[in-house]
C-alpha cells in the first residue's frame with residue numbers, strides 16, 4: 001500500500017467544509033476537528049468513507065427519476081468530491097448512466113432550471129477581453145485536463161447553449177472514475193457564444209448570453225483568444241474539444257492539434273473506441289478488420305473520424321490506402337458520398353467513392369443505404385446519424401443475406417436517437433447479428449437466452465488516453481497513439497471471460513483497462529517523438545503516481 005504524506009491545509013472552519021476537494025464531512029478525525037476549528041460544526045460520530053458511501057447510496061436509491069438521481073450525485077460532487085468518486089467506484093456500472101449518457105442529456109436541457117452551484121468556467125463572448133482573468137479565477141490552479149464545449153451539438157440534442165456545460169462536467173468525472181486522474185487537475189469550461197435555440201432565448205430562466213450564436217471570423221477569433229490564454233496559463237495542459245458542431249469540430253482540431261496538446265473526443269475518441277470494438281468483433285469471428293466491407297449511415301465529423309481510423313487500421317493490416325478506402329462506404333440523407341456530389345465538406349472528401357469503381361452496380365442516380373448494403377456486399381454497418389429508426393428490418397435482413405454474422409453498431413445517442421434497438425436487430429437477424437451500441441441497453445432476451453449488449457462507450461478510451469498523455473508528458477496526440485489505444489482495448493477485451501454477446505469487458509473493469517491503454521498510448525508517444533524516452537519502470541511508476549484513488553488523507557494545519 002502506497003504511503004501518503006499528510007496534506008498541509010491553510011483553510012479552517014466553514015471554509016474547509018465548503019471546499020469540495022478537501023471536505024471530508026463526518027469523516028474528519030477528532031484531532032482534525034480540533035485543529036481546524038470544526039468542533040460543533042459536525043455531528044459527534046466520526047465516520048469512515050465506507051459508511052458515508054453506504055448512506056449516500058441509500059439516499060441515491062430513494063430517488064425515483066434518473067434526473068433526480070443525477071442532481072443528487074452532482075450535489076455530492078459539489079460538496080465532497082472524494083466521497084462522490086468513492087460512491088462511483090463502488091457502483092460504477094449503475095452510476096455511470098446517471099452522471100453521463102443518457103441522463104446527462106436531460107440535465108443539459110434542464111441546466112438553467114436545475115442549476116445549484118458553480119463548477120468550472122463560463123467564458124462568454126461579451127467578456128472576451130477578460131479571458132486571462134477568468135483563467136486566473138479558476139479555483140483549481142494546477143490544471144492538467146480541460147474539457148471544453150460551445151454547447152452547439154450536445155449529444156443528439158443539438159444546441160443547448162451553456163446547458164452544454166453538463167457534458168464537460170460529466171466527462172471529467174469519468175476521467176477520474178475510469179482513468180484515475182485527480183479531480184484537482186480537472187477543469188470543465190463552456191464557451192458561451194450565444195445560442196440559436198429559440199426556446200432557450202425565450203426562457204426567462206436561461207442563464208447564458210441571450211444572443212444568436214456568433215459565427216465565422218468572430219467565432220474563430222474568440223476561440224483563438226481562448227486557446228492562446230489557456231496556453232499562457234497552463235502550457236502543458238491536455239485540452240479536449242467536446243460536442244462542437246461538425247462545421248467547427250474538424251477545422252478547430254486541425255488548426256490546434258500541433259499548437260497545444262488536444263483532441264476531439266467526438267471525432268478521435270469515438271473513432272478509437274469504435275475501431276477497438278470492431279477489432280474485437282472481428283476477432284470473435286476469426287477474421288481481420290481488413291476483411292470487412294463497411295457502411296456508415298451518417299457522414300458527419302464523428303462518422304468520418306471513425307472511417308478514417310478504420311482506413312488506417314486496414315493499412316496496418318496490409319492494405320494500401322486506396323484498397324482500404326474502397327471498402328468503406330459513407331451514406332447520408334442524400335445517399336452514398338461519391339465524386340459526383342458537390343458541396344461536400346473537407347473532412348468528407350477523402351472518403352468518397354468514385355463512380356468509375358461502381359460501374360458494375362445496378363443503381364439509380366440516388367444510391368441509398370439498402371442499395372449500398374446489397375451492391376457493396378456490406379458486412380459491417382455503423383449508425384452515426386443521430387436519427388432513430390433508420391436501421392429497418394429490410395436493412396438488417398439485407399446484411400444477413402451478405403454474411404452469416406453481420407456486425408451492427410448503432411452508435412447514436414442518447415438512447416432515444418439510436419438507429420435501431422438491439423432487441424429489434426437480434427430479432428430481425430434471427431440472433432445472428434453481432435451488436436454494440438453507443439448508449440446503454442439491457443441484455444436482449446432471444447429464444448430463452450439473454451444476449452449481452454456491449455456499449456461502445458468512449459469511456460473505455462478517453463480516460464486511458466488522458467492518463468497516458470499525463471504519464472508520458474506528451475506534447476501532442478498523434479493518430480498512432482489513437483491506434484495504439486484501439487488495439488490495447490481490443491487486446492484487453494480478449495483477456496476477460498465475457499458473457500454471450502459481449503464484445504467488451506464489463507464497465508466495472510474499466511480502471512485496469514485504462515491503465516493498459518495508458519501504457520500503450522505513452523509508449524507510442526515516445527515512439528512518435530512526442531515525449532521524452534524513459535524506462536519501462538519509470539513509465540509504470542508514473543502511471544501509478546498519476547492514478548488517484550478516492551481515499552481521505554490526513555490533514556495538518558499550515559503554520560504561518
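In case you wondered, yes, glycine gets a Cβ from its N, Cα and C as well.
As the structure is a computational prediction, the values presented were derived from the model and not from experiment.
The active site, proton donor annotation in Swiss-Prot covers 100, and the record cites sequence analysis as its basis. In the three-state DSSP classification, residue 100 (active site, proton donor) falls within coil.
Around the Cβ of residue 153 (NAD(+) binding site), the same chain contributes 159, 243, 244, 245, 246, 249, 266, each under 8 angstroms and 6 or more positions distant in sequence. For 153, 266, 413, the entry in Swiss-Prot reads NAD(+) binding site, with the evidence type sequence analysis.
DSSP classifies residue 171 (active site, proton acceptor) as helix under the three-state reduction. Taken from Swiss-Prot, the feature active site, proton acceptor applies to 171, supported by sequence analysis.
Swiss-Prot lists 242, 243, 266 with the feature divalent metal cation binding site.
Residues annotated as site 'Important for activity' in Swiss-Prot: 266. Residue density at residue 266 (NAD(+) binding site): 26 other Cβ atoms are found within 10 A of its Cβ, drawing on all protein chains shown.
Residue annotation for NAD(+) gives 153, 266, 413. The furthest Cα pair among them is separated by 12 Å. The divalent metal cation site is set by 242, 243, 266; from the centre of their CB atoms, other residues of the chain with a CB within 8 Å are 149, 153, 154, 167, 241, 244, 249, 264, 265. Of all the recorded positions in the record (171, 242, 413), the one with the smallest CA separation from residue 100 (active site, proton donor) is 171. Straight-line distance linking the Cα atoms of residue 171 (active site, proton acceptor) and residue 242 (divalent metal cation binding site), rounded to a whole number, equals 9 Å. Of all Cβ atoms in the shown protein chains, 26 besides its own fall within 10 Å of the Cβ of residue 100 (active site, proton donor).
According to its DSSP assignment, residue 242 (divalent metal cation binding site) is coil.
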